[in-house]
Amino acid sequence: MSLIHNTAAELGAMIAAGEVSAAEVAGAHLDRMAEVEPKVGAFLHVDRETTLEQARAVDARLQAGEKLGPLAGVPIAHKDIFATRDMPTTAASKILEGWHPPYDATVTRRLREAGLVILGKTNLDEFAMGSSTENSAYQLTHNPWDLTRVPGGSSGGSSAAVASYEAPLSTGTDTGGSIRQPAAVTGIVGMKPTYGGSSRYGLIAFASSLDTPGPFARTVLDAAMLQETFSGYDPMDSTSIDAPVPSVVEAARNADVSGMRIGVIREFAGEGAQPGVLARFNEAVQLLESLGAKVVEVSCPSFETALPAYYLIAPSECSSNLARFDAMRYGLRVGDDGTRSAEEVMALTRAAGFGPEVKRRIMLGTYALSSGYYDAYYGQAQKVRTVISREFEAAFHQVDVLISPTTPTTAFPIGERADDPMAMYLADLYTIPSNLSGNAAMSVPCGLADEDGLPVGLQIMAPVLGDDRCYRVGAAVEKALESRWGGGLLAKAPAL
Ligand code: GLN
């Protein structure tokens, strides 16, 4: 056991007790990164000196008697879509290469205030569009379980960093599944908080009505501690929710599902998924019953229309959000040699700076929003969104949480779906409904598929502002399975 194997909760306690310094903990993780990064490729930006400086500053604050949070001194890998004033922020796009934001995102600022130490910025699909991190303009990230496979996406750098013990914690964003899906396929915990529960200020926008920052960790309690650190009302985000919420840390410690009503979504528990995924899911259902939960089947027929609705709404919003990358204000500028008009420079820059998936979405979204087609596409998709939200509401009158597998399959091979957008989009079939309705949803490991020995995730969905229920159920599953697995699922991962 070395420092890299400790949980964030343990590291925070050890640092607070003076048993180890934040600088030593950061150093151990930086060493691990130096060892495995050539194989994993989770980080776009690492700066050993800046990280150690942050850690020494935390040690000094603690020595001066400053009261910091329970994660003070704990290292974290930060998705490169959050603005960081001391590190580049690219969203894995060439159009933002070399950009240094003049400010910190709210999530970044809260991490720093609580004394977390940022190890670097993690890889992602360009502007968070994708499910495999293959759409990064810079590099591939490899799944630590099998380096020939994807780590999921879009937050694949963040999931791979935690699964390979480069960091105990990381941040992600979930617009259609980008935290839960990578968590599931790398065997870790990932949580999409209620939309509006965590701030979008300083997060490079993809689809503003869906984008939700959330935590990755190796344990449910660690994820809860991280969520509690950076979430909560932010006046800088117009859709931030200003309401009291139950403590997710308490819920993670509670881990008791006796008497809870749990609904299995019929449409997401049948054929269509990989047999090994369904087998682990069905075992998780039995496990929850044996722990005293009352499991019933619930039908949500409109959920199957969520994917097409999402692929109209998200591209529509992205086509508007990405209009700001105009080569004039910041980022890349191509062909500005004094002979060309501003429009020509814009066109050249956007043609060179955006990758194929981003262009596909901008074209789709622009079309869906164009006059004459708006009602037929965007308008219709918004109606579907309302129907899905109502179906969730009706279901949550019957049950406390809904469950399904997180993804239809385990991690797929790098390259397998790269040329087939539809196949790629299907990775988020089960996660997207919760983004459209804004409710809370978590992925927690529930075992390995028999066919390929790769991790399977259990998705737990709770009502808006019911994040605590995801943590309660997630912690119960974790506790029960840990005693079976011994040392958690990652103990079974082949060593890197
Ligand atoms: N894979 C989905 C997409 O490509 C979701 C991405 C996300 O949640 N950021 O849009």
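Positions of Cβ are set from backbone N, Cα and C atoms, glycine also.
Residues or ranges marked as active site, charge relay system in TrEMBL: Lys79 (among others). In the three-state DSSP classification, Lys79 (active site, charge relay system) falls within a strand.
Cβ neighbour count for Ser154 (active site, charge relay system): 34 (other Cβ atoms within 10 Å of its Cβ, all protein chains included). In the three-state DSSP reading, Ser154 (active site, charge relay system) counts as coil. Positions annotated as active site, charge relay system by TrEMBL: Ser154 (among others).
According to TrEMBL, the active site, acyl-ester intermediate annotation covers Ser178. Counting every protein chain shown, the Cβ of Ser178 (active site, acyl-ester intermediate) has 36 other Cβ atoms within 10 Å.
The annotation domain 'Amidase' is assigned in TrEMBL to 26-470.
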For Lys79 (active site, charge relay system), the number of other Cβ atoms found within 10 Å of its own Cβ: 31
Ser154 (active site, charge relay system) versus Ser178 (active site, acyl-ester intermediate) - Cα distance in angstrom: 5
Average pLDDT across the domain 'Amidase' (26-470), rounded to a whole number: 97
Pairwise Cα distance for Lys79 (active site, charge relay system)/Ser154 (active site, charge relay system) [Å, integer]: 10
